[in-house]
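Enquirer: My questions will all concern the structure given below.
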Amino acid sequence: MSRQKALIVDDEPDIRELLEITLGRMKLDTRSARNVKEARELLAREPFDLCLTDMRLPDGSGLDLVQYIQQRHPQTPVAMITAYGSLDTAIQALKAGAFDFLTKPVDLGRLRELVATALRLRNPEAEEAPVDNRLLGESPPMRALRNQIGKLARSQAPVYISGESGSGKELVARLIHEQGPRIERPFVPVNCGAIPSELMESEFFGHKKGSFTGAIEDKQGLFQAASGGTLFLDEVADLPMAMQVKLLRAIQEKAVRAVGGQQEVAVDVRILCATHKDLAAEVGAGRFRQDLYYRLNVIELRVPPLRERREDIPLLAERILKRLAGDTGLPAARLTGDAQEKLKNYRFPGNVRELENMLERAYTLCEDDQIQPHDLRLADAPGASQEGAASLSEIDNLEDYLEDIERKLIMQALEETRWNRTAAAQRLGLTFRSMRYRLKKLGID
């Protein structure tokens with residue numbers, strides 16, 4: 001079996017020699033170029049499994065080489081080597097299609113990790129990625145989404161996944177991880193809005209025994225738990241400002257220090273994040289740091305809401321009903337034609353999650369394994385009317401009407417946060433005490 005090959009592009013002989021020796025010890029063959037012209041000539045003569053290029057070259061920019069390789073040799077991952085502190089340059093490289101980046105002086109441990117990760121990438125021309133049956137839909141937006149997931153899986157760039165609640169952002173993050181070179185390492189999801197602010201630093205970075213009351217033993221943080229894999233920051237907009245500063249530093253330095261610890265520990269983690277909020281608007285309102293926003297939003301991936309892919313609803317409904325039948329051991333129910341039309345005309349503010357909840361209820365209520373329009377109870381759902389408000393003639397009692405709206409909104413927040421009451425209260429802009437009072441008043445357990 002022939003050895004894998006790496007192309008090294010740098011005009012400094014000392015750097016070239018260091019990279020050649022390190023990669024040679026990893027059992028890689030290397031070819032070296034001093035500039036863009038020589039690199040192109042080598043690429044035209046033979047294939048490479050990896051390219052390491054300096055940002056500044058005598059006859060051009062490393063960015064030009066990244067773009068050239070992306071167009072002519074997309075199967076070859078490229079890592080950019082930049083000067084220390086040149087984060088803007090590194091982000092430019094990632095946006096251009098670079099797999100990852102290193103800063104000078106080159107950390108050899110980090111270099112070896114990067115090379116090992118790059119070599120685990122699947123060649124897109126050698127095999128086609130299997131279609132994952134968890135991300136259903138044949139509509140143009142879903143086909144485009146699956147294509148983007150495949151491309152982003154080959155990169156180590158941070159990805160900001162935007163989309164409405166219930167649209168499947170965590171599933172998309174999980175697929176990016178599973179289709180990439182980190183698949184054998186952990187995927188660690190965390191709901192940023194569900195962690196109490198006083199415990200946040202300990203949760204993310206870990207703590208040492210005795211560092212605070214209740215710290216009876218050393219604890220590993222989320223960054224270390226995700227080492228070598230992916231850390232998914234869900235509802236990242238809910239992070240308090242003080243934590244945003246610490247998160248930014250951890251991402252930039254690729255190192256964390258436990259609460260009560262004296263030394264930083266290097267971490268190799270890919271960062272994916274998501275929120276149902278408009279993160280750019282949060283920056284404009286002063287609730288989210290602009291520097292962290294630019295660090296997280298190297299590439300944005302939008303997950304379409306269900307109303308933008310209505311043609312996928314019958315397929316989704318069929319799969320959900322089959323799963324419900326399998327879970328209960330009962331025959332699968334079928335949507336009538338009228339019920340399908342009702343679903344396709346409904347706005348689904350809660351997206352796929354709302355569809356799942358709606359069909360689970362209808363499956364329980366239907367007769368003869370036939371789901372009729374009335375089983376869906378769309379008239380009671382939040383998206384049944386675009387105006388969302390009843391006329392005066394429909395309201396018998398204002399207090400009962402307002403209480404019903406309050407109950408629906410609280411239930412929706414609880415479902416979207418998987419019944420985490422603290423997170424649901426934050427989403428509704430309530431204190432936990434106020435949330436607890438309303439739950440008791442409305443009889444919600």
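Every residue, even glycine, has its Cβ placed from backbone N, Cα and C.
On a predicted model such as this, the values are computed, not experimentally measured, just so you know.
When I checked Swiss-Prot for this same protein, it listed these features:
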type     : residues         : note
DOMAIN   : 5-119            : domain 'Response regulatory'
MOD_RES  : Asp11            : 4-aspartylphosphate
MOD_RES  : Asp54            : 4-aspartylphosphate
DOMAIN   : 135-364          : domain 'Sigma-54 factor interaction'
BINDING  : 163-170, 226-235 : ATP binding site
DNA_BIND : 418-437          : DNA-binding region
Enquirer: Which number gives the other C-beta atoms within 10 angstroms of the C-beta of Leu233 (ATP binding site), all protein chains shown included?
Expert: 26
Enquirer: Quick one: give me the count of other CB atoms within 10 A of the CB of Gly166 (ATP binding site).
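Expert: Gly166 (ATP binding site) is surrounded by 22 other Cβ atoms within 10 Å.
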Enquirer: Cβ distance under 8 Å to Lys169 (ATP binding site), same chain, sequence separation 6 or more: which residues?
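Expert: Listed in sequence order, they are Ile161, Ser162, Gly163, Asp234, Ala274, His276, Val303.
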Enquirer: Just checking: which of Asp11, Gly166, Ser227, Thr230, Leu233 have a Cα that is within 10 Å of the Cα of Asp54 (4-aspartylphosphate), counting only these recorded positions?
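Expert: Final answer, ordered: Asp11.
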Enquirer: Taking only the residues in the DNA-binding region (418-437), give me the average pLDDT of this model.
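Expert: In the predicted model, the DNA-binding region (418-437) has a mean pLDDT of 82.
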Enquirer: Which secondary structure state does DSSP assign to Thr230 (ATP binding site), in the simple three-class scheme?
Expert: strand
Enquirer: Quick one: what's DSSP say for Asp54 (4-aspartylphosphate), helix, strand or coil?
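Expert: Assignment for Asp54 (4-aspartylphosphate) reads strand.
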Enquirer: Of the residues in the domain 'Response regulatory' (5-119), how many are helix, strand and coil by DSSP?
Expert: 56 helix, 28 strand, 31 coil
Enquirer: Indicate the candidate from Asp11, Asp54 with the smallest number of other Cβ atoms within 10 Å of its Cβ, considering only these modified residues.
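Expert: With the modified residues Asp11, Asp54, fewest surrounding Cβ atoms within 10 Å: Asp11.
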Enquirer: So which one is it: of the binding-site residues Ser227, Thr230, which has the fewest other Cβ atoms within 10 Å?
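Expert: Fewest other Cβ atoms within 10 Å, among the binding-site residues Ser227, Thr230, is found for Ser227.
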Enquirer: Test of understanding: give the count of other CB atoms lying within 10 angstroms of the CB of Gly163 (ATP binding site).
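Expert: Taking all protein chains shown, Gly163 (ATP binding site) has 19 Cβ neighbours within 10 Å.
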Enquirer: Do you know the DSSP helix, strand and coil residue counts for the DNA-binding region (418-437)?
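Expert: Within the DNA-binding region (418-437) the tally stands at 13 helix, 0 strand, 7 coil.
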